[in-house]
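Trainee: Sharing a structure, written as structure tokens. Questions coming.
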């Protein structure tokens, strides 16, 4: 009997990607985040679609349309809370996924890694334009501050900023186009995810040891489908707990006030998942320098594969690199904390030191640690 799963043109692709895919037998729970990110994306697209049915992208009605969704639409409050907190879960999984890639040397699959970095940037852009849509105080001022950074670009900056705004300031035209961007970008993300998986399946998954796993592979289904289902249960538990018990704990109280261009909030800050980059931006007194540092903080991921000096792929057996990795993690948490603090001492100096350490770790210390570990292994022979 012909197995349709293995012969049908469309089902064959799904079969080779999610069912009969040969996977390393030793991949740990750190490999769950890819599937969780896929689920987060589906949740965000579905909840976003239902929100878009009731939302109006006009400065006069945007804020009240969000209030209308929460008050009058059937389960609108739940859809909105799932969408807002789903973004936080998305970024939590993203950061853990990228961290896993750095720790276990997955960045040596260069094509997969580069598409992943482009995905990270696209998701960040989507989240930024999405945060503007409720048209609260922090939405408006966040959009004003961040888009205004474009004016720091020499010669074309001011023209570029006004072109993005569709006027001389953030206004109705900006909100309308941001809604259009926020609607289309998730579908672009979906296309990039397919390319990401395409490149991944060219090489196969990495594994914790960093050793070629071809000699010992198992089918993805049922082993890893069950494992991913467990991860999904945890994700839904956390997401539903957030959305149902404390839906506003990760938001900003200022966003409960409608946007007022005449009243600046005392402390403008983005959502928590941008705070590390925002802290790096603020740590440089020069506007253009800050913008370049902000870009570099993300784009530095693209050069990580070229800074790999160790003979071993994974950090599993490299204690010096492990120590530096966890210092980097602590440093990013520190930057996230600093990004949410007012611009005053001692936060300024802490932010500057943490920013310097961030770049020093990735560009200097980690490559040196790899070389040192090579030397120590050679010395043992």
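In case you wondered, yes, glycine gets a Cβ from its N, Cα and C as well.
Here's the feature list from Swiss-Prot:
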- 33-53: transmembrane segment (TRANSMEM)
- 77-98: transmembrane segment (TRANSMEM)
- 83, 182: heme b b562 binding site (BINDING)
- 97, 196: heme b b566 binding site (BINDING)
- 113-133: transmembrane segment (TRANSMEM)
- 178-198: transmembrane segment (TRANSMEM)
- 201: ubiquinone binding site (BINDING)
- 226-246: transmembrane segment (TRANSMEM)
- 288-308: transmembrane segment (TRANSMEM)
- 320-340: transmembrane segment (TRANSMEM)
- 347-367: transmembrane segment (TRANSMEM)
Trainee: Can you tell me which of 33-53, 178-198, 288-308 gets the most C-beta pairs within less than 8 Å of the transmembrane segment (77-98)?
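Mentor: Ranking 33-53, 178-198, 288-308 by Cβ pairs under 8 Å to the transmembrane segment (77-98) puts 33-53 first.
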Trainee: Are there residues at least six beyond either end of the transmembrane segment (178-198) with Cβ under 8 Å to its Cβ atoms? List them, or say none.
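Mentor: Hits for the transmembrane segment (178-198): 17, 38, 41, 44-45, 48, 52, 55, 57, 112, 115-116, 118-119, 122-123, 125-126, 129-130, 132-133, 143.
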Trainee: Whole-number answer please: how many Å between the C-alpha atoms of residue 97 (heme b b566 binding site) and residue 201 (ubiquinone binding site)?
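Mentor: Counting only the Cα atoms, the answer is 17 Å.
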Trainee: How about long-range neighbours of the transmembrane segment (113-133): same chain, 6 or more residues beyond its ends, C-beta under 8 Å?
Mentor: 55, 57, 62, 66, 87, 90-91, 94, 97-98, 101, 106-107, 139-140, 142-143, 146, 174-175, 178-179, 181-182, 185-186, 188-189, 192-193, 195-196, 199, 270-271, 273-274, 298-299, 301-302, 304-305
Trainee: Look up residue 182 (heme b b562 binding site) in the DSSP assignment and reduce it to helix, strand or coil.
Mentor: helix
Trainee: May I ask for the distance between residue 196 (heme b b566 binding site) and residue 182 (heme b b562 binding site), taken between their Cα atoms and rounded to an integer number of Å?
Mentor: 21
Trainee: So what sits near the residue listed as 'ubiquinone binding site' in its own chain, CB-to-CB under 8 Å and at least six residues off in sequence?
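Mentor: Sequence-distant Cβ neighbours: 16, 17, 21.
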Trainee: Could you find out if DSSP has residue 97 (heme b b566 binding site) as helix, strand or coil?
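Mentor: Note: residue 97 (heme b b566 binding site) is helical by DSSP.
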